[in-house]
Amino acid sequence: MGSTLLPDLGTEILIPVCAVVGIAFSLIQWFIVSQVKLDSSASRNNAKNGIADSLIEEEEGLNDHSVVTKCAEIQNAISEGATSFLFTEYQYVGVFMVAFAVLIFLFLGSVEGFSTRSQACTFDKTKSCKPALATAIFSTVSFLLGAVTSVVSGFLGMKIATYANARTTLEARKGVGKAFIVAFRSGAVMGFLLAANGLLVLYITILLFKLYYGEDWGGLFESITGYGLGGSSMALFGRVGGGIYTKAADVGADLVGKVERNIPEDDPRNPAVIADNVGDNVGDIAGMGSDLFGSYAESSCAALVVASISSFGINHELTSMLYPLLVSSVGIIVCLITTLFATDVFEIKAVKEIEPSLKRQLIISTVLMTIGVALVSWIALPSSFTIFDFGSQKEVKNWQLFLCVAVGLWAGLIIGFVTEYYTSNAYSPVQDVADSCRTGAATNVIFGLALGYKSVIIPIFAIAISIFVSFSFAAMYGIAVAALGMLSTIATGLAIDAYGPISDNAGGIAEMAGMSHRIRERTDALDAAGNTTAAIGKGFAIGSAALVSLALFGAFVSRASISTVDVLTPKVFIGLIVGAMLPYWFSAMTMKSVGSAALKMVEEVRRQFNTIPGLMEGHAKPDYATCVKISTDASIKEMIPPGALVMLTPLIVGTFFGVETLSGVLAGSLVSGVQIAISASNTGGAWDNAKKYIEAGASEHARQLGPKGSDCHKAAVIGDTIGDPLKDTSGPSLNILIKLMAVESLVFAPFFATHGGLLFKIF
């Protein structure tokens, strides 16, 4: 054992300073994006080195003023639709949040009969700790804080995306590089705001809780776990609700517009087109933001809980204790430097440079973060310390903990690149899927499913190696910091993830505003790269969820005083097979919800085409509002049953069947959920980019399969519509399922350990 090079005061300054720097950087990026004005006079006066950038519209004799006005109107409609939906969703979610907070207080308070007397510490019975009622109160407060932070993260991300979409479209008139920078800067605003806010709120919460708990660090960090539960609870509803919204609109718009009516994607004559663009923001932006915030909060909480009962917590070593937060702090600085490479160092001049630039972001951030983690491990950890390992203390060296974080970090990069290989149309897997469309939709579906199943192999090996290495070095704490390592570059990951929906919206606005074909080609190129980055983001989210849920599982087993989880005992085995079934049940519910909502959307779009005179000819305006209402009503109604399934399962199993059966449920849902999530996300991503490969016609092979409107293209569109609920609703939501059940079990572990297993006690 020994002291750290970084004093406690240095830690107390470094963490909030890094968070504030992240927030300041995001505001600077927002200010730069805001310089692209949504009025024609400003766009004409935008000059660089005294020479105005030429605009394609001016070259082709189009009216610049009318184009800019149309873009502003469309952006306003999308922003209003997204804001209206989120406010409606948050009203329902707010009721749940308050009800569940009451439940947390009642369950945890009843552990000691709402007593205010001090109790024996969980892991050291010779010492006296704060009463269970305090845990109930502070867990409830941290749950509400996590939930509010998650909601704010999602909402801010949506507002930024809807602010930037039309500006990206207008910049595309000057070149693909200009449009790329606006979209990427806007994504960076969301990434840095979320990462910095999550870190700052968690740090301030710890400081405030510490005023009451004092030396009882075990009780303090046990209460903090509510923060992760609140974050993931909101993420679940955001992901499911937003996913149902966006895919109902997308499927309805594609099936009627592109397949039946043979009109372009995002054609303003299509009644579902505004709802489709709104959906990109509420699903892929707000949902993804809440999701990755939840992962960050849970991995931090899991690491802090285990550390509090290790030598860090026992000896009250503040700097070492807050090592997970220091890793995240350095991650913000690393991502800031990395972002400058995309916006200031390397200039995008051609379409083919877009994807390499985004991949370069992942590589640079990973390399720099490896150096950053090595530095933090050296100055913030003693050379030797002990980590709690299922009832005993395991001696660990600081370089071993560095390797735990590094293996998670590099596993994330591997998962990202494998995801890109299987979902980008630059590589053979997606091109093979596109080629299969020659013989119709059936072969396209077969090839796409096979691709998704195959894409699971390498990520699972990467996750398995990460688990083995990190557990061997530092037990469950090692797995928790490995998950944190995967999420340490969350600001960059979110920036390239949010870039996708912003580019998608930009293309839709270009089409609806009647802008030239050349601009639509540029926005399509941005969108195709964005599809791949969105798939990479989902890969990161799923991979980190596997590690996070395993770390939470370990913390739950320790907190519930389970010495071993034996799958050969009936109590555990029945939990195992039921847990493995839950992701299938959840996927069935979410996919059917998308199908039901899409059915109503298809009927409404058909009705408008058939009954509104002059709609197809472009003489009449469609009723966009009705389609927006269909998506909103369906998503709000349909998100409740899957959410209830996830939230109630741990409570029911823990209360009636006990902690052993619940441990089996958690293990089963983790194992099957990760596989289904990866395959579903990659299958959907591959189908989407196979369609875009045919539409772009960038190669001789693609031109043979096209053009738009051909039988081959129609088969690709059908595959894309089947994949939509897989990649944007069921797949991404599954990673929240496995995390949320694990963190909920950890929060309620004191109650389950004391009063759980009612059925087995009766019989």
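Cβ atoms are placed via backbone N, Cα and C, with glycine included.
According to TrEMBL, the protein has these features:
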- 13-33: transmembrane segment (TRANSMEM)
- 92-111: transmembrane segment (TRANSMEM)
- 131-158: transmembrane segment (TRANSMEM)
- 179-209: transmembrane segment (TRANSMEM)
- 321-342: transmembrane segment (TRANSMEM)
- 362-380: transmembrane segment (TRANSMEM)
- 400-423: transmembrane segment (TRANSMEM)
- 444-469: transmembrane segment (TRANSMEM)
- 475-496: transmembrane segment (TRANSMEM)
- 540-562: transmembrane segment (TRANSMEM)
- 568-586: transmembrane segment (TRANSMEM)
Determine which recorded stretch among 13-33, 179-209, 400-423, 475-496, 568-586 has the most C-beta pairs below 8 angstroms with the transmembrane segment (540-562). 475-496
How about long-range neighbours of the transmembrane segment (321-342): same chain, 6 or more residues beyond its ends, C-beta under 8 Å? 6, 11, 14-15, 18-19, 21-22, 25, 29, 181, 184, 188, 191-192, 195-196, 199, 202-203, 206, 217, 296, 299-300, 303-304, 307-308, 312-313, 357-358, 360-361, 364-365, 368-369, 372-373, 375-377, 380-381, 401, 405, 480-481, 484-485, 487-492, 495
Using a Cβ-Cβ cut-off of under 8 Å, list the residues of the same chain that are 6+ residues beyond the ends of the transmembrane segment (444-469) and lie near it. 403-404, 407-408, 411, 414-415, 418-419, 422, 429-430, 432-433, 436-437, 478-479, 482, 486, 539, 542-543, 546-547, 550, 674-675, 678-684, 686-687, 690, 715-716, 718-719, 722-723, 726
Can you tell me which of 92-111, 131-158, 179-209, 400-423 gets the most C-beta pairs within less than 8 Å of the transmembrane segment (475-496)? 400-423
Go through 92-111, 179-209, 362-380, 400-423 and flag the stretch with the largest number of C-beta pairs under 8 Å relative to the transmembrane segment (131-158). 92-111
Can you work out which residues elsewhere in the same chain, 6+ from the ends of the transmembrane segment (362-380), have a Cβ less than 8 Å from its Cβ atoms? 4-6, 11, 319-320, 322-323, 326-327, 330-331, 333-335, 337-338, 341, 398-399, 401-402, 405-406, 409-410, 412-413, 416-417, 485, 488-489, 492-493, 496, 536
Would you mind listing the long-range same-chain contacts of the transmembrane segment (92-111), meaning Cβ under 8 Å and 6+ residues beyond its ends? 132-133, 135-137, 139-140, 143-144, 147, 151, 226, 229-230, 233-234, 237, 636, 640, 643, 647, 651, 747-748, 750-751, 754-755
Using a Cβ cut-off of under 8 Å, list the residues of the same chain at least 6 residues beyond the transmembrane segment (400-423) that approach it. 323, 327, 359, 362-363, 366, 369-370, 373-374, 377-378, 381, 429-430, 451-452, 454-455, 458-459, 462-463, 465-466, 469-470, 473-474, 477-479, 481-489, 531-532, 535-536, 538-540, 542-544, 547, 681-682, 685-686, 688-689
